[in-house]
Amino acid sequence: MDKSSHVQLVQSLIVAFAWAFDAQQAFISVFTDADPAWRCLKSTDSICQAASNPCNLGADTWSWVSPSHSSTISDLALNCSGKALSSLPTTAFFIGCLIGGFFLSTLADSVLGRKKLLVLSCIIMSIAGALSALSPNIWVYCTLRFVSGFGRSVVGTCSLVLCSEIAKEKWRDGISMSCFFFYTLGFLSLPGIAYAGRRSSWRLLYLWTCAPAFVYAILVHFFVEESPRWLSMQKHNNKAKGISQAFSSIKKLVTTRSTLLKLIAIMLASSGIGMAFIGMPLSVSSLGHNLYLSIVYNALADLSTSVATFFLMVYINRRISLVVLTMFCGIASLICVLRVISSKIQLAAEVISFFCVGMALNVILVYGVELFPTCVRSSALSLVKQAITFGGALAPIFVAEGRRRSKLWSFGVFGIVVICCGLFVVFLPETKGKDLTDNMEEENQNENSTGTP
């Protein structure tokens with residue numbers, strides 16, 4: 001390996017590491033906004049012992065099991081405000097991701113490029129996340145979570161596209177898979193960090209995860225080069241100058257019939273996958289097991305998906321594998337609803353379901369890179385990520401309903417939605433083994449040569 005190849009590989013891995021911070025911010029609310037346990041101060045207090053929650057009890061009859069500052073629910077006095085309000089910060093975060101994607105996604109293909117947008121989004125995400133630690137009430141907290149989500153919206157897509165375009169073709173699959181390994185690393189680090197600070201304030205968890213993300217953004221700015229493919233496209237496209245062209249890539253996506261149909265199909269499939277992927281870890285506490293261990297099991301399942309995807313991506317058919325994975329995910333999720341089985345089997349089914357949806361998420365993101373040409377790839381992948389985020393933004397609503405009513409409203413809904421949405425990939429062309437294209441003309445020629453509509 002020559003020196004330039006070594007530099008390309010190192011830069012690609014640095015860029016891919018952004019997914020670790022992406023995962024931490026996506027799932028941090030599992031711990032910061034967890035429902036805290038409470039207990040009666042006197043075992044002889046029959047009224048307290050019979051109560052399902054402490055809302056109607058006197059302050060001198062009960063207390064929190066953990067320090068009140070360990071969760072936003074107890075620290076911001078949200079325990080009696082209803083499940084809808086307590087789930088609002090998570091919903092605000094994913095709505096921020098959704099809106100941020102629409103505003104920021106096209107900038108990667110136009111005026112900013114991949115690198116600058118990655119740096120900007122990491123800085124916004126980390127600063128807003130760190131400021132969340134200073135929130136005096138739920139409304140400031142929700143606002144800062146929204147801003148953090150706004151910044152986080154394009155971290156994953158910019159990172160995936162940039163590292164794929166920096167790396168040599170022979171490394172492309174491996175580098176793309178490294179994004180998912182780093183995502184799992186970030187996810188797996190959360191229960192460890194949260195457990196280490198379980199007696200500390202939830203505010204510290206934001207500081208511990210956001211400070212490294214800010215330092216990372218600075219490192220990317222100084223040590224990573226811009227995508228050579230994007231620079232080449234800009235050099236040969238005079239119309240790309242100026243902010244008036246920021247939405248030109250979106251225009252290309254929606255004015256070409258075959259490209260638009262592909263975009264709609266993959267976005268519909270992605271929305272169902274996103275709902276299940278975000279909803280599963282948020283709902284796992286309703287299965288009645290230790291929260292830290294349950295999230296570790298989910299993170300290990302996610303690690304398994306990264307390993308499986310890394311070794312199988314070269315061999316598997318994208319379209320068929322997505323249909324099969326979403327089908328198994330949905331069935332396993334529906335098993336979690338059944339009351340006739342033990343909680344241990346329900347947890348095992350949840351982990352299996354999360355494994356399937358995690359692998360489906362990895363496959364569909366790589367699929368999104370392969371489906372679209374360079375001139376619109378970042379915008380298209382951002383819209384795919386937006387669809388995933390849209391599903392994720394809906395998930396906390398059903399998680400709250402599942403806790404309030406029954407698991408049918410959470411695991412049941414996730415299972416049905418992911419099965420139905422997964423069927424839309426049958427309308428997409430297969431991309432396994434095909435070369436990436438740079439412009440719409442090459443893409444049209446490729447479709448004509450393969451007979452793709």
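A Cβ is built for glycine as well, from the same backbone N, Cα and C atoms used for every other residue.
As annotated by TrEMBL, signal peptide applies to 1-20.
Under the heading domain 'Major facilitator superfamily (MFS) profile', TrEMBL lists 8-433.
Nonlocal intrachain contacts for the transmembrane segment (84-105), taken as residues 6+ away from its ends with a CB within less than 8 angstroms of a stretch CB, comprise 25, 29, 33, 35, 72-73, 78, 117, 121, 138, 141-143, 145-154, 157, 278, 282, 378-379, 382-383, 385-386, 389-390, 392-393, 395-397, 399-400. Look at TrEMBL and you will find 84-105 (among others) tagged as transmembrane segment.
Positions annotated as transmembrane segment by TrEMBL: 117-140 (among others).
The transmembrane segment annotation in TrEMBL covers 179-198 (among others).
What TrEMBL lists as transmembrane segment is 204-224 (among others).
Among the features that TrEMBL reports, transmembrane segment is placed at 260-279 (among others). Residues 26, 94, 253-254, 322, 326, 329-330, 333, 353-354, 357-358, 360-361, 364, 367-368, 371-372, 380, 383-392, 394-396, 398-399, 410, 413-415, 417-425, 427-429, 453 of the same chain, all 6+ positions outside the transmembrane segment (260-279), place their C-beta atoms under 8 angstroms from a C-beta of that stretch.
Outside the transmembrane segment (291-315), and at least 6 residues removed from its termini, the chain residues within Cβ reach (under 8 Å) are 27, 30-31, 34, 173-174, 176-177, 180-181, 183-184, 187-188, 190-191, 194-195, 198, 280-281, 284-285, 347, 350-352, 354-355, 358-359, 361-363, 366. Here TrEMBL flags 291-315 (among others) as transmembrane segment.
The transmembrane segment feature in TrEMBL is assigned to 322-341 (among others).
Look at TrEMBL and you will find 347-369 (among others) tagged as transmembrane segment.
As annotated by TrEMBL, transmembrane segment applies to 408-428 (among others).
Under 8 Å from some Cβ of the transmembrane segment (322-341) lie the Cβ atoms of residues 269, 272-273, 276, 280, 287, 349-350, 352-354, 356-357, 359-360, 363-364, 367, 406-408, 411-412, 414-419, 421-423, 425-426, all in the same chain and six or more residues away from its ends. Among 117-140, 179-198, 204-224, 408-428, 408-428 has the largest number of CB pairs under 8 A with the transmembrane segment (347-369). Listed by sequence, the residues of this chain that lie at least six past the ends of the transmembrane segment (179-198) yet keep a Cβ under 8 A from its Cβ atoms are 16-24, 27-28, 30-31, 66, 70, 156, 159-160, 163, 204-205, 208-209, 292-293, 295-296, 298-300, 302-303, 305-306, 309-310, 362, 365.
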